[in-house]
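Here is the structure we will look at.
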Amino acid sequence: MIREAIVKIVGKGDLTYNEAYEVMNEIMGGETTPTQNAAFLAALSTKSTKSETIDEISGCAASMREHAQQVETGMETMEIVGTGGDGAHSFNISTTSAFVMAAAGIKVAKHGNRAASSDCGTADCLEALGVNIHQEPKRCRELLEKVGMCFMFAQKYHTSMRHVGAIRKELGIRTVFNILGPLTNPARPAYQLLGVYDESLVEPLARVLMSLGVKQGLVVYGKDKLDEISLCAPTLVCDFKDQRYKTYTVHPEDFGFETCSREALKGGTPQENAEITRNILKGEQGPKRNVVLMNSGAAIYAAGKAQSIKEGICMAAKLIDSGEAIKRLDAFVKLSNC
């Protein structure tokens, strides 16, 4: 199938969902050669002025998710994640927000890796906080039940990626895999807040998430190129629920926050980012807290726990100021190491 797919793409054609699914099945199953994999990824990423279509992304994501080690949680979970690739070198906004979400009663199934475009990925930050990031599926379920949060280390759960890891590095270009990670959470979350690095991905990836079974969520793009809801610029939001979506723009001022510089959100090493996370959850004021409030508040709304982002932000602030969020972090660190 991969040879036919390459010919079709080179001829300026788009793959159907089934074609993309079958090709990714072959790649993940080790049935293709490195040369074929490289040709397919390069062709798919560079076809004319177009990027991958919704069907192509959905088919690839569905196949890749099926090849992952599955996590049967028995509950509705939520993911908050960014695609990366924004080059912002900000601190771990989504990871910090996850503890606030867990304190709000949301079952947070985090899925991530070590740093790609930044100095500190989700796994790096959690490890620096003292979390045992090597959690088996059974342990993930136990942690979700006891503390409302778990972490699935992508390297552990997506072992089929060994067939393309070296090729991606050698190609040195953006490929479909740059956006597949956040779409292939092994826990199959019912809710998701997804940040993207390019404005053109906002509506398409909302439609992809719906096709993958996500019931409700937000796809966001900070217009300063941040893959989060930004405190530095307006943010484009695609708000979806039950196969319907609407797109709108939000500003920090809509929620009573002042715009800040990107420098104010900069992170550093895993140890520095872990300290930033702890300080925010302990109640430290400033732009870093405010951007976490916006993102965790939006996630609380996306999970159906608030009627609006603004209401979600108010809930997030109370959870931090009451000490519930830092308690959730401490409990997660302790129980993940038991």
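Cβ coordinates are placed from backbone N, Cα and C, and glycine is handled just like the others.
All TrEMBL annotations are machine predictions without curation.
Residues or ranges marked as anthranilate 1 binding site in TrEMBL: GLY82, ASN113. DSSP assigns ASN113 (anthranilate 1 binding site) to coil in the three-state reduction, placing it in neither a helix nor a strand. Shown in sequence order, GLY121, THR122, ALA123, PHE153, ALA154, GLN155, GLY181 are the residues of the chain, 6+ apart in sequence, with a C-beta less than 8 angstroms from the C-beta of ASN113 (anthranilate 1 binding site).
Counting every protein chain shown, the number of other Cβ atoms lying within 10 Å of the Cβ of SER94 (5-phospho-alpha-D-ribose 1-diphosphate binding site) is 26. Annotated 5-phospho-alpha-D-ribose 1-diphosphate binding site per TrEMBL: GLY82, 85-86, SER90, 92-95, 110-118, THR122, in sequence order.
Annotation source TrEMBL lists Mg(2+) 1 binding site at SER94, GLU228. All protein chains included, GLU228 (Mg(2+) 1 binding site) registers 27 other Cβ atoms within 10 Å of its own Cβ.
Non-local contacts of ARG168 (anthranilate 2 binding site) by the CB criterion (under 8 A, 6+ apart in sequence, same chain) comprise LEU41, THR175, PHE177. Per TrEMBL, anthranilate 2 binding site is recorded for ARG168.
Under the three-state DSSP scheme, ASP227 (Mg(2+) 2 binding site) falls in the coil class. Every protein chain shown contributes to the tally, and the Cβ of ASP227 (Mg(2+) 2 binding site) ends up with 27 other Cβ atoms within 10 Å. What TrEMBL lists as Mg(2+) 2 binding site is ASP227, GLU228.
Across the domain 'Glycosyl transferase family 3 N-terminal' (4-68), DSSP helix (H, G, I), strand (E, B) and coil residues number 45 helix, 0 strand, 20 coil. The feature domain 'Glycosyl transferase family 3 N-terminal' is assigned by TrEMBL to 4-68.
According to TrEMBL, the feature domain 'Glycosyl transferase family 3' maps to 77-325.
In sequence order, the binding-site residues near ASP227 (Mg(2+) 2 binding site) (Cα within 10 Å of its Cα) are GLY82, drawn from GLY82, HIS111, ARG114. Cα separation, HIS111 (5-phospho-alpha-D-ribose 1-diphosphate binding site) to GLY82 (anthranilate 1 binding site), rounded: 11 Å.
For GLY82 (anthranilate 1 binding site), other Cβ atoms within 10 Å of its Cβ number 28. Mean pLDDT, taken over the domain 'Glycosyl transferase family 3 N-terminal' (4-68), works out to 93 on the 0 to 100 scale. With respect to their backbone Cα atoms, GLU228 (Mg(2+) 1 binding site) and GLY82 (anthranilate 1 binding site) stand 7 Å from each other.
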